[in-house]
Amino acid sequence: MRLFDGMTVENGELNISGVGVSELKAQYGTPLYVYDENMLVNQCRTFINNFKSSRFSTEVLFASKAFSCLEVLRIANREGLGVDVVSLGEIHTAYKAGYDMRRAYFHGNNKTREELQYALEVGVGTIVIDNNYEYEMINKIVRESGNTVDVLLRINTGIDAHTHEYIKTAKDDSKFGYSVYDETIYDLIADINNQSNLNFVGFHSHIGSQIFEKTSFFEAVKVVMEFTRRVQERLGLTISVLNLGGGFGVYYTEEDRPFELAEFLREYIEVVERESDNFGLDLTKVVIEPGRSLTCNAGSTLYSVGGVKKTFAGREYVFVDGGMADNPRYALYKAKYEAMLANKMNEEADATYTVAGKCCESGDMLVMDAKLPRAEQGDLLLVSSTGAYNYSMSSNYNRLPKLPVVFVKDGTSRLVVKGETLEDLIRQDI
Ligand SMILES: *Cc1c(COP(=O)(O)O)cnc(C)c1O
């Protein structure tokens, strides 16, 4: 069980950035998402300060699908990050947060006409084209609008890095991007490059998520740059922008061994500079787009314990007042988390519990074998590292209202997303 920066123990109680968990419960109730604002800001700064080159400009985008709400976007904007958006809702949230939309990149494999029109209306700076079908539509809509927009083409390098190692597959079945091994890609690029309303600037590649092997990223840089050179040679054009995606792995449990971020980013830049020389490229901008690694460790979920139950077979459950509706990641892919009894931090963790939620699904689990002190009704249970893909993936399953989100900073807390009410739950019902 890891205590992150900003977590301290005072009289046996967990404090996050100087605010005790019992105080959070008294003020906002449980279940509750709690973010350490200093950690969020520090992660933004680590990216901005270390992904820097004297040779080309760099841009760090916040992949907002990891955690999209107005306040986190205001912070990312203030800290100088651009934003990656993939839907009408994500565009709208960034826009309403006051984002300079020229710094927004619109991703996705199936953008709709409505989304594209809205993106142009609010001035999204870059559209990332995924495929031919989409390209035709984007081209048409942009031409009709009379605007000009920067475009990148999403390429697929065949590097599959969803696991702890990368595998290079010549035949890639991913739904994203255009394979660099597909000969028809050159015609598509030439065609895009010929459109007067589309300003074709370069390529985008994202190789997966929760990746721990630096070599996966470095290998992808090589494949992208080798391809870029081939395109330049064959089509006689100059590529100026490469967006290398996100996917930097983070700590959830002791099984995860993330690299030191600042050091990695500096190394990453060196590799990009070196390979760009090797392949004779003349880049003006290199972009990355972290999501999980910006917000994951800053967020935790605070629950109250309802009861403890020992099954006939011997497994001991501790039941909390949330579950798969606020964190579906165990149910989705058996994601692992750490838990602590936040009001019993000094007690020995000599029991093994399965932390389960209150939803009507056997898979409604949060942590499989959590080492905790003896739990009882009324205890506060905290699951750490829930800051990415929790709030954004939450649902109203079993008609559970979505949780409030609170930011804490240096002894004070503030509500940044209100929890849903019962009225909210039936608001759209007719
Ligand atoms: C999801 C995604 C990201 C962010 O991935 P993380 O693993 O959260 O860093 C970046 N770029 C694209 C295109 C994505 O789909």
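Count begins at 1; order follows the chain as displayed.
Quick reminder: no glycine exception, Cβ is built from N, Cα and C everywhere.
Automatic prediction, not curation, is the source of TrEMBL annotations.
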According to TrEMBL, Arg292, Arg329, Tyr333, Glu361 bind substrate; which one of Tyr268, Tyr317, Tyr389, Tyr391 is annotated to that same site?
Tyr389
Figure out which of Gly208, Gly236, Gly247 sits with Glu289, Pro290, Gly291, Arg292, Tyr389 in the pyridoxal 5'-phosphate site per TrEMBL.
Gly247
Highest CB neighbour count within 10 A among the recorded positions Lys65, Arg292, Arg329?
Arg292
When distances run from the Cα of Tyr333 (substrate binding site) to each of the recorded positions Glu289, Gly291, Arg292, Cys360, the nearest one
Arg292
Validating a neighbour-count step here. Other CB atoms within 10 A of the CB of Glu361 (substrate binding site): how many?
15
Near ligand 1, which of the binding-site residues Gly247, Arg292, Arg329, Tyr333 have CB less than 6 Å from any of its atoms?
Gly247, Arg292
For Gly247 (pyridoxal 5'-phosphate binding site), what residues in its own chain, 6 or more apart in sequence, show a Cβ-Cβ distance under 8 Å?
Ala161, His206, Ile207, Gly208, Ser209, Gln210, Ile211, Phe217, Pro290, Arg292
Which value does the mean pLDDT take for the domain 'Orn/DAP/Arg decarboxylase 2 C-terminal' (33-387) in this predicted structure?
95
